[in-house]
Amino acid sequence: MKKLNGKILENLILDTLKEFVILLDKNLKILFANSSAAESLQLQKEDMINKYCYELWHQRKEPCINCPVIRAMKKKEPDEGEVVTPDGRYWYIKGYPVINEENQDIVGVVEIVQEITEKKRMEKEIQYLTFHDKLTGLYNRAFFEEELKRLDTKRQLPISIVIGDLNGLKLVNDAFGHEKGDELLISIADVLRKSCRKEDIIARWGGDEFVIIFPKTPKEIAEKICDRIKQNCEEHNKNNNQTPIPLSIALGYATKEIEDEKIDEILKIAEDRMYRNKLIEGKGFRDTVLQTLKELLWSNSYESKVHEERIKELAIRMSDILYLSDIEREDLILLSYFHDIGEITIPPEILKKYTSLTKEEFKKIKTHPEVGYRIAEASYELTKIADYILTHHEWWNGKGYPRGLKREEIPLVSRIFSIIDAYEVMTSGRPYKKAKTKEEAIEELKKCAGSQFDPNLVEVFLTII
């Protein structure tokens, strides 16, 4: 009775364990299995008896290769190891041989199994994050540097390296937010993958820089791949015409052809060529970006080329009569085209609304000088008018926005421009507001002189219209 009770207690204890506990004979037939083992197969324990373990878990007709349980029986000592079953689950197996004390023959083995699928998944995820850029999925700089050392051998010659710098990332981040900037980074990563070969190592080198290693690749092939990257950027732009700015990357490449050349020097040559190309291509890219931004503004708002040209004409007249310097004149004309560039981040349904704006909508509208300022600061051609973009909605009495500047605290160019812009808007009208006659607009300017506008400049303006 004691033996029976002891056996029941022993089985109860084994059945409480999460680990599988399985007793096998020397031919790997199951003699006993606890509840955890049976539940993993959705079987009853008694249904497992006299079945082969490799049949039940691995759907095999013969024992698994390099099985820890078989190794334990062969060595007559415990062994352990990891295995994976056909369903993709990972297991850690320990085998404890059962030895006949009289003749030291193996009579069976106790197998203890623990599922480690989640542990393996986490290990793989950690390993992935260790060597990959989380945003783009490309390799990171740490992995690149290790791979460069590993591949820097005679057997891999010629080794080509390409360095790329994504154009316009700061502009997109500043104007549209980092979410749009991230989309730009993901897009260029996709283009690089599409353009390169499977064996090439593509890595994100820094914020907007990328680097690619081409083992056993002469410079002619590296140049062709650079051309392919450019072509795929153009293809992307054709198929994604709603993106804020065109996808573009400056590239430079260099090739290590003989063993004596230092790979770090090759990397530096590629980087120098990239920066040189960025300078050469920069003007064309920036012009394209500015034109794209203007067209986006025209399509999303009531701003138009005609509006800009009318403002420009008035700006030239004011420049002449006030004897502005050449620099101030140029800035005032440039401001005519880009004063409301910050409105590209405002939803079209607000910019094109036919009825009065709500308080929240007007609050959104009032953000455009600051957004425009950030765009201008990120654009070489517009940097010089960034402050004017920021302050062109300030009022003479300090009740304007965004900073509440007053009187001469507001730059002269901005004070001049605010009068020109107001007059042009009043006389051309908007869908939500009927156009005023010239006489009505003049009366409005006189009324607002000393409050919204510099009164002295209003007097001058009235002499040129």
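Quick reminder: no glycine exception, Cβ is built from N, Cα and C everywhere.
Pulled from TrEMBL:
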{"type": "DOMAIN", "residues": "13-76", "note": "domain 'PAS'"}
{"type": "DOMAIN", "residues": "77-128", "note": "domain 'PAC'"}
{"type": "DOMAIN", "residues": "157-291", "note": "domain 'GGDEF'"}
{"type": "DOMAIN", "residues": "282-465", "note": "domain 'HD-GYP'"}
Residue distribution over DSSP helix, strand and coil in the domain 'GGDEF' (157-291): 76 helix, 26 strand, 33 coil
Helix, strand and coil residues within the domain 'PAC' (77-128) as assigned by DSSP: 12 helix, 26 strand, 14 coil
Predicted model, mean pLDDT over the domain 'PAC' (77-128): 93
